[in-house]
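*Asks:* Quick paste of what TrEMBL says about this protein:
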- 17-453: domain 'CBP/p300-type HAT' (DOMAIN)
- 335-398: domain 'ZZ-type' (DOMAIN)
- 455-507: domain 'ZZ-type' (DOMAIN)
- 513-597: domain 'TAZ-type' (DOMAIN)
Amino acid sequence: VEEVKRGLRMPLPQSAVLGAKDLPRTVLSDHIEDRLFKRLKQERQDRAAQERKSIEEVPGAEGLVVRVVSSVDKKLEVKPRFLEIFQEDNYPTEFPYKSKAVLLFQKIEGVEVCLFGMYVQEFGAECSYPNQRRVYLSYLDSVKYFRPEIRTVSGEALRTFVYHEILIGYLEYCKQRGFTSCYIWACPPLKGEDYILYCHPEIQKTPKSDKLREWYLSMLRKATKEEIVVELTNLYDHFFITMGECKAKVTASRLPYFDGDYWPGAAEDMINQLRQEEDDRKQQKKGKTKKIITKRALKAAGHTDLSGNASKDAMLMHKLGETIYPMKEDFIMVHLQYSCSHCCTLMVSGKRWVCHQCRSFYICDKCYDAEQQLEDRERHPSNSRDTHTLHPVDIVGLPKDTKDRDDILESEFFDTRQAFLSLCQGNHYQYDTLRRAKHSSMMVLYHLHNPTAPAFVTTCNVCCHDIETGQGWRCEVCPDFDVCNSCYQKGAVNHAHKLTNHPSAADRDAQNKEARQMRVQQLRKMLDLLVHASTCRSGSCQYPNCRKVKGLFRHGMQCKTRASGGCVLCKKMWYMLQLHARACRDSGCNVPRCRDLKEHLRRLQQQSDSRRRAAVNEMMRQRAAEVAANE
């Protein structure tokens, strides 16, 4: 850098390397960027005014780029034991949603560094209740390299200001698209684990749950001032208890069901536990007393129908409530639209009936009509002899659907946070020092611009050194047999098959937009062909390459070598099947091994969620023990 400044070295022209700005722009990324830059300009002006300087004299955040790097349709399958309880209520078996990954880059010392990332789940208007029009902020991560390290006029770090503005910008975007609520689980990562960015700097402390919660609430208070957020509550207060004049039923079927969230996994464990306890009671024939106590407790809590599945629902809510209550403030419910004070539905059309005498009392058209049928003494407010007048307010500006104007953005490495973490861990793309963060970010951008490039570094089978792109030789017959130029030229290679030269980076020509678009089209054609061939029964099918794929299917059934043994055809087949399984949304899919592969991916996700839940439960046990010891 010093040599470049003194003119002794010519820097690489920026056009030679595709950076964060060259990644595809979307409506979402433009919305967040526009808001962020306006707010940063205002913040810099406020700081300059406070210090009585011109705006050029005070430092500001520069070189920031926000991009959506993954935007794909997915389906969340409801866990089987939970589904059994609500099968009579026509509870959905699955919830379609869009998963998105958003990254923030900043140019530091001439290199774009990835500083912040978040994964979100968007359940649109077409999704079934209780997930309809809801958003889940599933993972958020950052590394502490933001420049400049200064404080705003309000006293918070400029870094915090920027991250808050990205989140507020996203909530504003969701509100404009017609989403009604956002859910946040304020859960810090376990010690030694990372959410999105691999290996954080040692100077960066992992926040405790109360600090993280306050960080989110501070952001949400800003959004409330701008009227982006209209109400703030938590999962427990909104769904587990009836407050004020609330008439909504306390049932697990009302809880929003998100991928990787705490309660769906905890509920499945509890249903298993309740079944086990019931089986034990039957065997011991001592169940009557216990069962009566349980039902009596549930009746005391206001549950009237305790027959069959209703009893299981009530017991599940009772146990879930007991577990969630001590940490209820960590499960943040953000309402972007007003919630009806009677039925708790988030209102999206018609009128909102407001009481000017009571604080935060609003009801929907349906509940207002029901209210008019009541006698005066039973009307709002229920705890007073007076009757308050309700005034209508039209609900305007809310789209009928939540249609996304952005195209699908597929990225093999950002499809899930685990996929990105695996890429980083496998290649040591670490963020524990600024130097490493620069390299890791450059490689992340390289993979985003070059989806066809090998995901992992190739090593020489002779000297075991890494082989640079275009600097080696490969066997086309044997799997994973590569040698570097040096060993090849020395004649140190004794191999039975012919070796071919690695294609260079220039030969790949993957750094141009047309090549990337062509690859996406080819992948889609290939996956369509796979689905067609798995259902086709015609011996003389005219569909292009159908016979070839059927031949691959037959080969896979008969091959004794398999992909693990190095069969090239099997490896090709597995690659296609894995790509298909990741994108497939059909629960009754006929593509070979599709269900097995989806089950494998589901188990990996389940293991990660279980570890996260176990850590939270352990943290709560330790906190309870500390409280007990202090008493």
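From the backbone N, Cα and C atoms, a Cβ is placed for every residue, glycine too.
Note that TrEMBL annotation is computational and uncurated.
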*Asks:* Tell me, roughly as an integer, the mean pLDDT over the domain 'CBP/p300-type HAT' (17-453).
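*Replies:* Reported value for the domain 'CBP/p300-type HAT' (17-453) is a mean pLDDT of 90.
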*Asks:* Can you count helix, strand and coil residues in the domain 'ZZ-type' (335-398) using DSSP?
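*Replies:* Computed counts for the domain 'ZZ-type' (335-398) are 11 helix, 15 strand, 38 coil.
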*Asks:* How many of the residues that make up the domain 'TAZ-type' (513-597) does DSSP mark as helix, as strand and as coil?
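*Replies:* Each residue of the domain 'TAZ-type' (513-597) counted once, the result is 56 helix, 0 strand, 29 coil.
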